[in-house]
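*Asks:* Per TrEMBL, the features are:
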- 41-66: transmembrane segment (TRANSMEM)
- 43-462: domain 'Major facilitator superfamily (MFS) profile' (DOMAIN)
- 94-114: transmembrane segment (TRANSMEM)
- 121-139: transmembrane segment (TRANSMEM)
- 145-169: transmembrane segment (TRANSMEM)
- 181-202: transmembrane segment (TRANSMEM)
- 214-233: transmembrane segment (TRANSMEM)
- 276-296: transmembrane segment (TRANSMEM)
- 316-333: transmembrane segment (TRANSMEM)
- 345-365: transmembrane segment (TRANSMEM)
- 371-391: transmembrane segment (TRANSMEM)
- 403-427: transmembrane segment (TRANSMEM)
- 439-459: transmembrane segment (TRANSMEM)
Amino acid sequence: MRVVTDDQFEMVLKISDSEATTTTTPKRKISNFVFWNQTRIFILILSLTCLTLTQINSQIFTFTVICMDDLIVENRMSNATEPHWIEGTTEKSILFSATAVGALVGLIPSVPLLNRLGVRLTLSICGLCSTLGTFFTPIAVSWSFYLVVLCRVLQGLGISVILTVLGVIPTSWSPKSEYSTYLAILSCAWQFSNVIFMPISGVLCDSSLGWRSIYYAFGVLTGFFYFVFYMFYTDIPGIHKNVSEKELGQISEGKPVHAVREAVPYRKICTDRCVLAAWVSFLGGNLGFITLLLYGPTYLREVLQFDVRSTGYINALPYALCAVYKFSAGKISDRVTFASDKAIYTFWLFSSIIGLGIGYCIMAWTSDRIVAFVAFAFAIVTSGLIIMATVKCLAMRCQQHTHFAVSAISFLSYCVQFISPLGVGILCPDNTPEQWSRLFIIITVIMIVTNVPFPWLTTQHAADYTKRKDSREFSNVEKC
């Protein structure tokens, strides 16, 4: 039961089987400016901007590695006896994998940190790591290879909770009727990162400013927007001063009246066949997506022989189309009433896997550069719904424990990011078309095998472990 005790506080009386407890919470204060009852949209844009910049920072090296020839020239002019580390395949593979190492290290404490500190503070700390790792990379390059590895690890720490908050923010801030659209837009961080930084990087690499300016520019932007995020974002819409009562009602409609922090049933989630099927499916699909994400510029430059500036533009195009594709899919699914939620997210998943598989097979068997690029673009465009399908499936199954279920797919994603550079280094040491064809076929087979169980083992119904033990205590609690 909720009663107002004075002008500043509310009293909440919680009644359970054994005891009654009373707590006080700050009374809600509303600003005169409420963003026309659309504060959730501003939160969406701000969160998307921060996630996009963090993702950009983790990917910058994948592009600048093809335009850092000045390091080799400087090394030779200094009469150094050893080749520069940028010339070594092993060193580059280590730098590609270092981000995944940082992400895995950051992911380990992410669930307890999110439980204790919330999204606002946890994501802001990750943003600070990403800012520092990006801004100081050009300086580290001049000093030591190991300092560059450290910067890459910091960038990895920055992305460690991206997938996790991707499942949490829409659950907290979007109305149920807008969930798919909200999720689709927020998950476009991966696509927007390429749309933004690829063309900019191509231009700057070819200009007098050089590749170092890319790191400085995005480092400053990341720091600025994460400061705004820290100052404006709140973990609960109900305590945000710019959220009107009207908008709060829209966001809260159909959701639990009161949120109680519960212990995560780790064992039950990890043995849930629906969750396991979603995890395995994501592992295979994400392998296909991450390979294109990390090695798209290398494939276009070294195998298809596009120049640096063209590589920036043409690599960005399919990601722009993918963002449009994801937004349309989210918008349509929010309006569809004739199909079940499981049918929708299963369709999302298989349209992505089939599209990726077709793209990979064509790239493996064609020798025509234009056909290969069209297949490359098609694979990227269709891959965008994998994350949406997995997160929606896990959110419906795990409910209030979604953050743990999604953090597990973050772990799988970063494992893929760590292993794929090693696999590419082994299978494609010379970047020949034949070597890349072999890699594409192997990835296609893995994607098919890991996704076969998904439609048979997943369900749209919430698991028993999501049922609140203290549900009776909410029956008399009035809506805020």
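For all residues, glycine too, the Cβ spot is worked out from N, Cα and C.
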*Asks:* At a threshold of under 8 Å on Cβ distances, which of 94-114, 276-296, 316-333, 345-365, 403-427 pairs most often with the transmembrane segment (439-459)?
*Replies:* 276-296
*Asks:* Quickly jot the same-chain residues contacting the transmembrane segment (316-333) by Cβ under 8 Å, restricted to those at least six beyond its ends, or write none.
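*Replies:* Distant Cβ neighbours of the transmembrane segment (316-333) are 180-185, 187-188, 190-196, 198-199, 344, 348, 376-385, 388.
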*Asks:* Could you tell me what the rest of the chain brings near the transmembrane segment (371-391), counting residues at least six beyond its ends with Cβ under 8 Å?
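*Replies:* Hits for the transmembrane segment (371-391): 163, 166-167, 180, 183-184, 187-188, 190-191, 278, 281-282, 285-286, 288-289, 292, 296, 299-300, 303-304, 314, 317-319, 321-323, 325-326, 329-330, 345-346, 348-349, 351-356, 358-360, 362-363, 402, 406, 409.
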*Asks:* Applying the under-8 angstroms CB criterion, which one of 145-169, 214-233, 276-296, 345-365, 403-427 scores highest with the transmembrane segment (94-114)?
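*Replies:* Maximum Cβ contact count belongs to 145-169.
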*Asks:* Ranking 121-139, 214-233, 345-365, 403-427 by Cβ pairs under 8 Å to the transmembrane segment (276-296), which is first?
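*Replies:* Per the Cβ under 8 Å count, 403-427.
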